[in-house]
Every structure is written in structure tokens, then in C-alpha cells.
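For reference, TrEMBL has these:
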{"type": "ACT_SITE", "residues": "GLU113", "note": "active site"}
{"type": "BINDING", "residues": "ASP15, ASP112", "note": "Mg(2+) binding site"}
{"type": "DOMAIN", "residues": "11-191", "note": "domain 'UmuC'"}
{"type": "SITE", "residues": "PHE20", "note": "site 'Substrate discrimination'"}
Amino acid sequence: MTLHAHPHRRILHIDMDAFFAAVEEKRNPELKGKPVVIGGRGDPTKRGVVSTANYEARKYGIYSSLPLRTAYKLCPRAIFLPVDYEAYAAVSRRFKTALRDISPIMEDVGIDEAYLDLSDKPETNEEICRKIKAGIDEKTGLTCSIGIAPNKLLAKIASDMEKPDGITILTEDAIEERLWPMPIRKLYGIGPKTEEHLKAMGIETIGQLAALPLEILVQRFGPSYGHYLYEAARGIDESPLITSWEPKSFSRETTFQVDEKNWQAIARTIAELTREVVSDLTAKGYAARNVSLKIRYSDFRTVTRACSTPETVQKEEEIRRLAFSCLKRVELTGRKVRLVGVRVGSLEKVAKISPPV
Ligand code: TTP
Ligand code: MG
């Protein structure tokens, strides 16, 4: 892990606009100006959720994680497309290359977002942003939004403030005016549970959170997370960019079109997911010491079972055997299964092996 710290930092967060939809529009210009929804297999009469919607479709109240069927009700004339992950990953790699051309101090945080630390660059914010946008346009033909701030926490909030194709500079002296009126869930690290907890305490905005004494936060959330919340609400974040990154796990999951009670069919799906996970594991050059299985029943109750091995495993048949031994420990009689997932973890880097012919 490589860490970079600087006393007066200039951190940028770059986030692509309506990413999956933008890639689809780029390769099929006829989609431009029409509402486009990407999700599942692209069939809104079937189960699945929205991965993303373009800005046209968002006007109808469609957003990521909404069931596809609900999206269809909100806008029946929208164009529904299946998720083509390979295509988005290829564009994502070109996007990251454009950023690495600007600076090697880049933290890759997701398929369509990254941080850059440009503290040492002489160029003005305006010049830097023009260069980044031109580089991304040249490599992908797409637009992004940029947030500039003294730290990662504020830069990420800033990049979301003027989407699409925006540039937002958030300085420390604007925290009270611009950060504090925002809802608490905009703060990185506040998930649904913390949000609920804080709302039960009457805290809705980041400003209200900032008004809470440290002792209360530590008492409610423990010393580490309590301190984090105290500082985050004030826009304080000293965390450095992490420029090289190791994956923690690889996983795949799928929802059955119709809840499944047949053991054979469930096992077959687990075998398919295992094959996909192993293909990622091999491509990235890792072996695993932990295999886990996730099962969600028709009533949404979810269980996981895990197996660990002293020696790392890498071959499909070994990992499948471990996944099946997890499956044997799951209660299936008289129950229907909605979703299954396979994950491999406790990874170790190994030499890449060539796929079997
Ligand atoms: P986001 O950057 O959150 O969304 P976006 O790029 O589509 O739109 P915005 O202009 O607001 O940034 O996520 C990036 C991609 O990740 C998105 O195009 C699809 C995918 N994604 C999911 O698959 N499921 C999700 O729940 C979310 C939030 C995103
Ligand atoms: Mg985005």
C-alpha cells in the first residue's frame, strides 16, 4: 500500500455521468434524448433492479436499485437494456488511463470514480479540469463531474453537486454554508443503519450532526466511529489516497426469475456462479482460502455459510466442491430460494495460470 500525505492538499474526485447509460448511448446514438434504463437482463416484466438510468429517465423518478417493474410503471416508453458489464469495464479502464496520464497519484475506487491528488501541480483548477475532461473525452467520448477539495471526503461530496459535466470547488470556509444543510446520508461512511439511528435522535442534516458533542457520539457509536462522525461533520478528513489496491474478494450472485425449490437447479446455478468467480480469480492472479455461499429465501431471510481451507484453492472443481459443502449446511426442505451468491475471500496473489483449453 502506498500512502501520500500533504499539508495543504488539492484532492479531486472524478465521477462519470450516468455511466452505464452513457456507454450505451455512445455506442447507439439513437438512444440520445430518450429515457434509457439499464438493469438485469433488460426485460422490465422480469425480476431485477435498475443499475442506472440516464438523466431523461431520472425525470420520471427512476433511480439505481429500484425494481425494473416499478421503473416500467413510472415510464413505460423508456428503453430497457441489459447490463453489459464487460463493455462498461472496458470503458472504465480507458477512463482510468486518462486519469493516470494526469498523475500517478490516483486512487481507483469504483467502476466510474477515482481520486487524484494534484497538490504538487502548478496548474490552476480550471486548467486541470479542462485537461482531465479533454483526456476523458478523447479516451471514452463521455463526460464526467469533478469535485475539488482539501480532502477526499469533501471532494466526493463536491463531485455530486453539479451533475452532469460539472466542476465544483468546495473549500473549508464553505463548510457551514454548503455542507451543513445537506442530509446526513451524503456523508461517506453513513449507511442506512447509522442514518436511522441518527434520525431517531432527531438529527437530519450534517449541521445538526456537527452540533452534537463528541462524548455523545462516542457513547452512541463507539470511540472509533464516534470520532469519525465528529470530524466528518466538520469536513475534516486526513485520509491519504491509496494508490495501489488489492482486492479482498470476488463474488457473483443472481436472482432466480421464479423462486426455486429444486435442489438440482440451485446447485446448477451455484456451479455457474462459481465458474464466473473462478474466471475473475484467475484473470487477476489470485488464489483463495475462503469460499462462502449466500442464500436468500423467498421471504427475504438471508443466510450465509462459509468454508475455509488451510491451503489456498484456485481450481474451479476445488472451489465448487467447497461451495457445495456450504450448500449442504443450508436448510432447503420446504423452502423456496430467491437469490444465490458465491464469494471467494482470504486471497493470496499467485502467478497467473492459463485457462484450461
Ligand atoms: P453512480 O456514479 O452512482 O451513478 P451514475 O454514474 O449512473 O450516475 P451519476 O451521473 O449520478 O454519477 O454509479 C456508477 C455506475 O455503477 C452506474 O452507471 C451503474 C452502477 N450502479 C449499479 O449497478 N447499482 C447501483 O445501485 C448504483 C448506485 C450504481
Ligand atoms: Mg457516476
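Glycine too: its Cβ is placed from the backbone N, Cα and C atoms.
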Pairwise CA distance, ASP112 (Mg(2+) binding site) versus PHE20 (site 'Substrate discrimination'), rounded so that it is a whole Å: 9
Residues near the residue listed as 'active site' in space but at least six apart in sequence (CB under 8 A): HIS13, ILE14, ASP15, MET16, LYS156, SER159
ASP15 (Mg(2+) binding site): tally of other CB atoms within 10 A of its CB: 21
Residues among the recorded positions ASP15, PHE20, ASP112 that border ligand 2 - Cβ under 6 angstroms, in sequence order: ASP15, ASP112
Neighbour-count leader, CB within 10 A, recorded positions: PHE20, ASP112: PHE20
Secondary-structure category, per DSSP, in which PHE20 (site 'Substrate discrimination') falls: helix
The domain 'UmuC' (11-191) [mean pLDDT, rounded to integer]: 96
